[in-house]
Every structure is written in structure tokens, then in C-alpha cells.
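**Student:** Quick one: the structure is below, questions incoming.
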Amino acid sequence: AAAISCVGSPECPPKCRAQGCKNGKCMNRKCECYYC
């Protein structure tokens, strides 16, 4: 099964979404990377 990338997911603020994260992580509201 392929890992689903959540970078750019709606719960992340646009400025965080624009930055993105590596390794399939997503930006939280503090612009910190976390695993979904």
C-alpha cells in the first residue's frame, strides 16, 4: 500500500501548506512537521 502524503491537507494553514514537509509529514497550525 502506498503511503498517503498529507502535505497540503486542509487542516494546515496555507503558509504551512506552501512549505510542506518531507517524509510524508504535514505542517500543523504552528508550522511544525508531524506524522498524520
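The backbone N, Cα and C atoms fix where each Cβ goes, glycine too.
Sharing the record's features from Swiss-Prot:
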- CYS6-CYS26: disulfide bond (DISULFID)
- CYS12-CYS31: disulfide bond (DISULFID)
- CYS16-CYS33: disulfide bond (DISULFID)
- CYS21-CYS36: disulfide bond (DISULFID)
- LYS25: site 'Basic residue of the functional dyad' (SITE)
- TYR34: site 'Aromatic residue of the functional dyad' (SITE)
- CYS36: cysteine amide (MOD_RES)
**Student:** Go through CYS26, CYS33, the listed disulfide-bonded residues, and name the one with the sparsest Cβ surroundings, counting other Cβ atoms within 10 Å.
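**Tutor:** Selected from the disulfide-bonded residues CYS26, CYS33 on minimum Cβ neighbours within 10 Å: CYS33.
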**Student:** What's the CA to CA span in angstrom from TYR34 (site 'Aromatic residue of the functional dyad') over to CYS26 (disulfide bond)?
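**Tutor:** Between the Cα atoms of TYR34 (site 'Aromatic residue of the functional dyad') and CYS26 (disulfide bond), the distance comes to 6 Å.
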**Student:** Around the Cβ of TYR34 (site 'Aromatic residue of the functional dyad'), how many other Cβ atoms lie within 10 Å? Please give the count over every shown protein chain.
**Tutor:** 12
**Student:** Take the C-alpha atoms of CYS26 (disulfide bond) and CYS33 (disulfide bond) and report the distance between them in angstrom, rounded.
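**Tutor:** Checking the Cα atoms of CYS26 (disulfide bond) and CYS33 (disulfide bond) gives a distance of 5 Å.
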